[in-house]
Amino acid sequence: MASLYSCSLAPTIAFVAWLFLLLVGMSSAQLSTNFYSTSCPNVLSTIKSAVDSAVSNEARMGASLLRLHFHDCFVNGCDASVLLDDTANFTGEKTARPNNNSLRGFDVIDTIKTQVETLCARTVSCADILAVAARDSVVALGGPSWNVLLGRRDSTTASLSAANSNIPGPQLNLSALLTAFSNKNLNARDMVALSGSHTIGQAKCSSFRARLYNENNINSSFATSLRANCPSSGGNDNLSPLDTTSPTTFDNAYYKNLQSLKGLLHSDQQLFSGGSTNAQVNTYSSNSATFFTDFANAMVKMGNLSPLTGTSGQIRTNCRKTN
Ligand code: HEM
Ligand SMILES: *[C@@H]1O[C@H](CO)[C@@H](O)[C@H](O)[C@H]1NC(C)=O
Ligand SMILES: *[C@@H]1O[C@H](CO)[C@@H](O)[C@H](O)[C@H]1NC(C)=O
Ligand SMILES: *[C@@H]1O[C@H](CO)[C@@H](O)[C@H](O)[C@H]1NC(C)=O
Ligand SMILES: *[C@@H]1O[C@H](CO)[C@@H](O)[C@H](O)[C@H]1NC(C)=O
């Protein structure tokens with residue numbers, strides 16, 4: 001009886017064991033911090049040196065590289081789709097409304113990719129380079145560090161229409177911003193933390209003109225000084241820092257600015273306009289360690305958006321085109 005019982009159970013045990021191994025196998029297809037530790041052990045130090053050099057050459061480049069990763073991840077996942085150039089028979093994302101004539105840093109990514117291909121040919125994806133360069137940029141400008149999960153592969157496709165619809169624009173109100181992030185499984189806390197990226201970098205007059213001339217919840221001395229460089233017509237490409245207080249330092253000044261109605265973009269000030277995110281802004285404004293911890297966690301979460309892994313996609317040799 002006992003042996004009959006164990007006999008009938010054996011296939012079940014084998015099935016459970018097989019299922020366990022399958023799940024372990026599946027989890028190894030996920031991202032990991034040590035993905036290149038044997039295939040390209042020096043890749044992280046190579047990327048870091050290149051980012052440090054680009055940022056010391058021009059501090060704003062740190063902001064531009066951080067934004068590239070965001071605009072990659074929000075469009076069909078972190079797959080380097082944002083880096084593909086348009087050609088006669090291929091339409092990429094570079095001319096999408098949020099990107100056209102605004103995204104920058106492509107040359108720095110090319111430089112890094114060339115160095116990394118010399119170090120380890122056909123091994124490190126452009127999508128992973130973007131994720132690491134974003135982290136190294138934040139660190140170079142004084143912000144928090146985090147372990148970047150690796151093992152993303154590169155797309156062979158891009159989507160202009162998804163870039164136009166998924167990347168939030170500066171005209172959005174709080175509820176639309178929350179929706180844009182929740183569409184990417186990022187919650188309100190993540191949204192407020194990630195928006196702290198606007199503690200660095202610049203925006204064009206065309207991105208914030210309406211706020212200067214049509215809105216009431218803006219600090220009047222701040223508005224007056226900005227109008228000088230952003231007239232009611234013309235000067236579309238004139239730049240202003242997103243954080244006037246400390247534009248090349250990754251700190252919590254962005255949130256302090258919001259409290260004194262000095263958010264540059266309409267969307268920035270929406271985070272502190274009496275709505276559900278006011279409390280989070282107050283927390284980050286008074287506690288930069290909490291902001292740094294939440295920011296780092298949210299960056300890891302954003303970096304996990306629908307990666308291509310295993311044998312999906314490819315490792316591009318040139319980030320601007322498919323192999
Ligand atoms: C919350 C919704 C967001 C909106 C509406 C938004 C919108 C914008 C706009 C309009 C600009 C200026 C573009 C220009 O005038 O050329 C900008 C710049 C920037 N954004 Fe955002 N953004 C958002 C979230 C984020 C996130 C999540 C990140 C990064 C994780 C980010 C990083 C940056 C950086 C670093 C810059 C400056 C780039 C540079 O100087 O080259 N933004 N953003
Ligand atoms: C696109 O055009 C190039 C030449 O400009 C050609 O080499 C390539 O095969 C074409 N790709 C497709 C998918 O048609
Ligand atoms: C992109 O920007 C350029 C100017 O840099 C402009 O000539 C072109 O029409 C824009 N394209 C789109 C699709 O908006
Ligand atoms: C926010 O914007 C959306 C889309 O434009 C609009 O439908 C909604 O009514 C706005 N919500 C508020 C509270 O203004
Ligand atoms: C506007 O900015 C000035 C100068 O920085 C500051 O003293 C004032 O408190 C701000 N106003 C508001 C309403 O926060």
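Backbone N, Cα and C atoms are what each Cβ position is placed from, and that goes for glycine too.
The model shown is predicted, which means the values in this text are computed figures rather than measured ones.
Feature annotation from TrEMBL assigns signal peptide to 1-29.
Taken from TrEMBL, the feature domain 'Plant heme peroxidase family profile' applies to 30-323.
Listed in sequence order, the residues of the same chain lying 6 or more apart from Cys120 (disulfide bond) and placing their CB within less than 8 Å of its CB are Tyr36, Ser39, Cys40, Val43. The annotation disulfide bond is assigned in TrEMBL to Cys40-Cys120 (among others).
Annotation comment: TrEMBL describes Arg67 as site 'Transition state stabilizer'. Taking the Cβ of Arg67 (site 'Transition state stabilizer') as reference, residues of its chain lying under 8 Å away and at least six apart in sequence are, in sequence order, Leu103, Gly105, Ser197, Gly201. For the recorded site, Arg67 (site 'Transition state stabilizer'), the DSSP three-state label reads helix.
The active site, proton acceptor annotation in TrEMBL covers His71.
Annotated Ca(2+) 1 binding site per TrEMBL: Asp72, Val75, Gly77, Asp79, Ser81, Glu93, in sequence order. Taking the Cβ of Asp72 (Ca(2+) 1 binding site) as reference, residues of its chain lying under 8 Å away and at least six apart in sequence are, in sequence order, Cys78, Asp79, Ala80, Ser81, Val82, Leu83, Ala127, Leu130.
According to TrEMBL, the feature disulfide bond maps to Cys73-Cys78 (among others). Same-chain residues at least 6 positions away in sequence with a Cβ under 8 Å from that of Cys73 (disulfide bond) are, in sequence order, Lys184, Met302, Gly303, Leu305.
Taking the Cβ of Cys126 (disulfide bond) as centre and 10 Å as the limit, one finds 30 other Cβ atoms among all the protein chains shown. DSSP gives Cys126 (disulfide bond) a helix state. Sequence annotations record features per position, and here TrEMBL assigns disulfide bond to Cys126-Cys319 (among others).
Within the same chain, residues at least six positions away from Pro168 (substrate binding site) with a Cβ under 8 Å of its Cβ are Ala176, Leu177, Ala180, Phe181, Ser267. According to TrEMBL, the feature substrate binding site maps to Pro168.
Summarising the annotation, TrEMBL assigns heme b binding site to His198. When secondary structure is read from DSSP and collapsed to three states, His198 (heme b binding site) falls in the helix class.
Positions annotated as Ca(2+) 2 binding site by TrEMBL: Thr199, Asp243, Asp251. Thr199 (Ca(2+) 2 binding site) has a Cβ environment of 29 other Cβ atoms inside 10 Å.
In the three-state DSSP reading, Cys230 (disulfide bond) counts as coil. According to TrEMBL, the feature disulfide bond maps to Cys205-Cys230 (among others).
Neighbours of Asp251 (Ca(2+) 2 binding site), defined as other CB atoms within 10 A of its CB across all chains, total 19. The CA atom of Cys230 (disulfide bond) is located 16 Å away from the CA atom of Asp243 (Ca(2+) 2 binding site).
For the recorded site, Cys40 (disulfide bond), the DSSP three-state label reads coil. Recorded residues Cys319 (disulfide bond) and Cys205 (disulfide bond) have their alpha carbons 30 Å apart, per Cα-Cα distance. Between the listed disulfide-bonded residues, namely Cys40, Cys78, the fewest other CB atoms within 10 angstroms of a CB are found at Cys40.
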